Amino acid sequence: MLSVIFDSFPAFSADAPRAVVLLCDAASGETFAALDKASAGAVSRAVALKGFKGEAGQSVVLPAPAEGLSQVVLAGVKPKGGAAVDAVAIENAAGRAVRLLEGVESAVLALSEGLEQFAPDAALGARLASYDFDVYRTKKSESRPVLKTLHVAVSDVAAAQTRWAALDAVSQGVILTRNLVSEPPNVLYPQTFTQRIEELRELGLTVEVLDEKAMTELGFGALLGVAQGSVHKPRTVIVRHNGGGSEAPLAFIGKGVTFDSGGISIKPAAGMDEMKTDMGGAATVIGLMSALARRKALVNAIGVVGLVENMVSGGAQRPGDIVRAYDGQTIEVLNTDAEGRLVLADVLSYTRKRFSPKLMVNLATLTGAIVVSLGYENAGLFSNSDALAKGLSEAGAQVGEGLWRMPMGEAYNRELNSDIADMKNIGGRPGSAILAAEFLKRFVGDTDWAHLDIAGTAWKTKASAIAPKGATGFGVRLLDCFVKAHEASA
């Protein structure tokens, strides 16, 4: 993880060769002039040649332009269309810029006049962009250094450090989520995922584990039906952060299918390797709880994750089975690859009954249909509460994690009615992301609830400004921002 140090020293001192990143909204100002002077005019010449105007997406890279400067990267931050520079624009610019650095372990980042208040946001973008899941690479090149330390030049170190503390916490939550999603399924399965969660007790979180026996006694028939085909036994893990006195908790629920073969309704071989990511909702919840604990959030929050592996075997659940959920409702299982909703059915109803939360937000890589609807830029938002949906959407916009609210209603809900049980776990293909949400809604009662379908945003095959290809950690920052509005001091 990239180490961030806020320093008040001049960014362009020539005491040692230094790589410098400058985030700017114009090719002018005192900071730009100081860098140009240190480079003996090389910066201004390059800017003129490239037509750099400080616009978002623009960059200039100069290798060793002068003594004392090993590299210079200029990155524009000014949004197109005349919009004001904001934290998201700074994060994205910093993320792009640090990726342009070549072969350095340490760099200085500075911001042009009027942008210094965004220095912690720049550090966040740089840290998230520099993430690399390299745990299993045995041949790591020693000839190509990787950026390890970023010195961020500011005039008020104390103010920057104060604001960075919360961003540091959430960045570690995002990285934890990315790490969990990236792990191979032979390493991360319900028992080992549980062990990773239990390590968070050292942050002050309370962790409770329900094993197969406990869930059987409680009547988690829907979740246990999914798990019965695997040699890896299921777990439900409850993580609590108590920072809000006697207030009712906010509850966050995650789907944790550590590998999804589809069960007897088996998936095609192509792309099945990515089904290790089907625990992305649970990973996001755990990353969030880590962030709340690290920044000592003034709120009561509960994270509940249902952890299973959906496999094919002689003991696997069959299409046509009927299972009884925790709350007593019966479900006709017509497709064993629609398993995430079965896991969430028990976890949602259990959380509602046991903890009486103020609200519930569940996250799941639930449907391929949401990817068809929204692509890879926005997660689907379904809710029974306009106020909750609005709060989540505003939080997402603030941190650059987009949500798009989808319709719900009785016309969709009745498609789930079964002839021989209370409901079936699938309807027709049209609107199937909505039908999945309607299924979940049957288990939340009158509690304010939202479902985030993150199937298109939890894992990407192309890099973004602040995330390499692979696990994104989508949702941790969004929910952390959402929680802030509910804290005691808010």
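In case you wondered, yes, glycine gets a Cβ from its N, Cα and C as well.
According to Swiss-Prot, the residue from ASP260, ASP273, ASP321, ASP386 that belongs to the Mn(2+) 1 site alongside ASP337, GLU339 is ASP260. Residues LYS255, ASP260, GLU339 are recorded by Swiss-Prot as Mn(2+) 2 binders, and the candidate that the same record lists for that site, out of ASP211, ASP278, ASP419, is ASP278. In sequence order, LYS255, VAL257, THR258, PHE259, ASP260, ASN310, GLY340, THR365 constitute the residues six or more apart from ASP278 (Mn(2+) 2 binding site) in its chain with CB-CB distances below 8 Å.
Other Cβ atoms within 10 Å of the Cβ of ASP260 (Mn(2+) 2 binding site), summed over all protein chains shown, number 26. Closest to LYS267 (active site) by Cα-Cα distance, out of the recorded positions ASP337, GLU339, ARG341, is ASP337. LYS267 (active site): 14 other CB atoms within 10 A of its CB, across all protein chains.
The Cβ of ASP337 (Mn(2+) 1 binding site) lies under 8 Å from the Cβ of ASP260, GLY262, GLY263, SER265, ILE266, LYS267, ASN310, each of these being in the same chain and 6 or more residues away along the sequence. Within 10 Å of the Cβ of ARG341 (active site) there are 27 other Cβ atoms, across all protein chains.
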